[in-house]
Amino acid sequence: MSISLGNAFIKNFLGKAPDWYKIAIISFLIINPLVFFFVDPFAAGWLLVVEFIFTLAMALKCYPLQPGGLLAIQAIAIGMTSAEQVKHELVANIEVLLLLVFMVAGIYFMKQLLLFIFTKILIGIKSKTALSVAFCFTAAFLSAFLDALTVIAVVISVAVGFYAIYHRVASGQGGTPSHDHTCDSNVTDELSRDDLENYRAFLRSLLMHAGVGTALGGVMTMVGEPQNLIIADQANWMFGEFIIRMLPVTAPVFICGLLTCVVVEKLGICGYGAKLPENVRNILEEYESEERKNRTNIDNAKLIIQSVIAVWLIVALAMHLAAVGLIGLSVIILATAFTGVIEEHAMGKAFEEALPFTALLAVFFAIVAVIIDQELFKPIIDAVLAVEDKSSQLALFYVANGILSMVSDNVFVGTVYINEVKTALLDGVITRDQFDLLAVAINTGTNLPSVATPNGQAAFLFLLTSALAPLIQLSYGRMVWMALPYTIVLALVGLFGISFLLEPMTTMFYDFGWITHGTIEAATNAVSSGH
């Protein structure tokens, strides 16, 4: 049936997004200029922020780049901010953009090593509880040095591989290379179907443990999450100092996070507790044994090279030898040069995962520019900063960041809050020591409670929108339900750390000489976003 040209334009607008979503975005684009010019620019600014958060919350209906980008372009066009201010934000946060472009691509060329590690873990550990802790801990360790998105990408590729191996055998097509593991129609044996359902539940729980692990590790270092880099840059902290300043909160949270992993597996609550079926284990062990036999010296040489590059990566990051993105670029060069990847099309695949998110981050910064120009957060920040009790001030910042990060993206929230606190410091409203404590509250507030929903953590959203999610029946609701015990524990232990441990332990670190008191001059010299 032919379609009219007018209907074709409507159908093409935001593609397969539901009609109600398209109408909502068009309504936003009509309402915003009217409110800005005829009601109040401040109200229009807040309306834009709410609309942008809506596009993030509806990320499964439509990737937020397109609707969020349209809102951002209109905001610049009608004068809510300027293209120059957006450029200023991008330049100020160039390290984050470099991280996303080069580091994620760099790790792509080390996938063989990471796949090898996770394969050994999955096959080698018989206890489900121990395996869950191992996945959570390994994901946390890797996320402390690498990007959480990359770690989740690796875990997903491992899980898809293992799922496909068993599905092929269960479908009676063990030797078929072109087997479609997304179709269950050939899995007719009831025993195989039961095993498949249990295996799906097993993989779901492992992926959620790994996902939370990326949050546990990601909060600890300045390279763990994109907003950490922004906060470290504004505070003028180096790699080591960032870790030490976060320890009063991150250490108890990490321990309690791993304990939560054990408890949910032992009790079998919130969708956890599924064990690896024996039939599946036998099939996977046979596969791993076959792979080991077929591994050539070429493959071994690649694994050795990638191991050496991994050591270089950790040392370079720990010693802050260059901007994180540039270290990522060095990984791309070393990994491709020494493993023989020299064709342009082979290299291009490495950049596919990160670039859409990098573009979305640029749109975030356009919204941040509006928030700065319209001074949207000023009343809230002023109210929190006006609280005389410093401990209450820290707790309020943590809670405010946490709640916003559950519904919005934590990069966006962290950027906005650190900008406002930096302004307060430069205006003499707070001391440099209080600024440092607030920076810790902002960093932990954006990283820990945000595990509640896929909207908050980019790694969770990446998992939810991956090809694996429908295979193992991981829906939005199921993800929120499985994250619930972690959300409660991480948020409350984080709040306890902010309220009772942060100030005394930071004072102790000063006394030990592990960190030194910062100066306002140092913060002024750091690249200042939005000023």
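Backbone N, Cα and C atoms are what each Cβ position is placed from, and that goes for glycine too.
Residues or ranges marked as transmembrane segment by Swiss-Prot on the basis of sequence analysis: 13-33 (among others). Sequence-distant contacts of the transmembrane segment (13-33) (same chain, six or more residues past either end, CB-CB distance under 8 Å): 44, 47-48, 51, 54-55, 58, 61-62, 66-67, 70-71, 74-75, 78.
According to Swiss-Prot, the feature transmembrane segment maps to 34-54 (among others). Within the chain, the transmembrane segment (34-54) has long-range Cβ neighbours (under 8 A, six or more residues past its boundaries) at 24, 28, 64, 68, 71-72, 75, 78-80, 367, 370-371, 374-376, 407-408, 412.
Using a Cβ-Cβ cut-off under 8 Å and counting only residues 6 or more beyond its ends in the same chain, the transmembrane segment (90-110) has close neighbours at 146-147, 149-150, 153-154, 223, 226, 229-230, 233, 306, 309-310, 313, 323-332, 335-336, 339, 341, 349-351, 353-355, 357-358, 361-362, 365, 411, 415, 527-530. If you look up Swiss-Prot, you'll see 90-110 (among others) marked as transmembrane segment.
Feature annotation from Swiss-Prot assigns transmembrane segment to 121-141 (among others).
For 145-165 (among others), the entry in Swiss-Prot reads transmembrane segment, with the evidence type sequence analysis.
Sequence-remote contacts of a segment are chain residues at least 6 beyond its ends whose Cβ falls under 8 Å from one of its Cβ atoms, and for the transmembrane segment (206-226) they are 96, 99-100, 103, 122, 131-133, 135-148, 151-152, 155-156, 159, 232, 237, 239, 242-243, 246, 249-250, 253-254, 257-258, 261, 271-272, 317, 324, 361, 410-411, 443-444, 446-448, 450-451, 457-460, 463, 468, 472, 474, 479, 482-483, 486, 490. According to Swiss-Prot, the feature transmembrane segment maps to 206-226 (among others), an assignment based on sequence analysis.
Marked as transmembrane segment by Swiss-Prot: 242-262 (among others).
Taken from Swiss-Prot, the feature transmembrane segment covers 308-328 (among others).
Here Swiss-Prot flags 352-372 (among others) as transmembrane segment. With a threshold of 8 Å between CB atoms, the same-chain residues lying at least 6 positions outside the transmembrane segment (352-372) that come near it are 45, 48-49, 52, 63-65, 68-69, 71-72, 75-76, 80-82, 85-86, 88-90, 93, 96-97, 100-101, 104-105, 108, 149-150, 153, 226, 409, 411-412, 415-416, 419, 458, 529-530.
If you look up Swiss-Prot, you'll see 394-414 (among others) marked as transmembrane segment, on the strength of sequence analysis.
Same-chain neighbours of the transmembrane segment (456-476): 59-60, 148-149, 151-153, 156, 159-160, 163, 181-182, 200, 203-204, 207, 211, 214-215, 218, 226, 357, 405-411, 449-450, 483, counting only residues six or more beyond its ends whose CB sits under 8 Å from a CB of the stretch. Annotation source Swiss-Prot lists transmembrane segment at 456-476 (among others).
The feature transmembrane segment is assigned by Swiss-Prot to 482-502 (among others), with sequence analysis given as support. Distant neighbours of the transmembrane segment (482-502): 204-205, 208, 211-212, 215-216, 248-250, 252-253, 256-257, 260, 263-264, 269-272, 391, 394-395, 398-399, 402, 437, 440-441, 444-445, 448-449, 451-453, 460; these residues of the same chain sit at least 6 beyond its ends, with a Cβ under 8 Å from one of its Cβ atoms.
With a threshold of 8 Å between CB atoms, the same-chain residues lying at least 6 positions outside the transmembrane segment (145-165) that come near it are 99-100, 103-104, 107-108, 111, 114-115, 118-119, 122, 135, 139, 179, 181, 199-200, 203, 206-207, 210-211, 214-215, 217-218, 221, 223-226, 283-284, 287, 313-314, 317, 353-354, 357, 457-460, 462-463, 466-468, 471-472. Counting Cβ pairs under 8 Å to the transmembrane segment (242-262), the top-ranked stretch among 121-141, 308-328, 394-414 is 121-141. Under 8 Å from some Cβ of the transmembrane segment (121-141) lie the Cβ atoms of residues 151-152, 155, 158, 162, 202, 205-206, 209-214, 216-218, 254, 257-258, 261-262, 265-266, 272-276, 284-285, 288, all in the same chain and six or more residues away from its ends.
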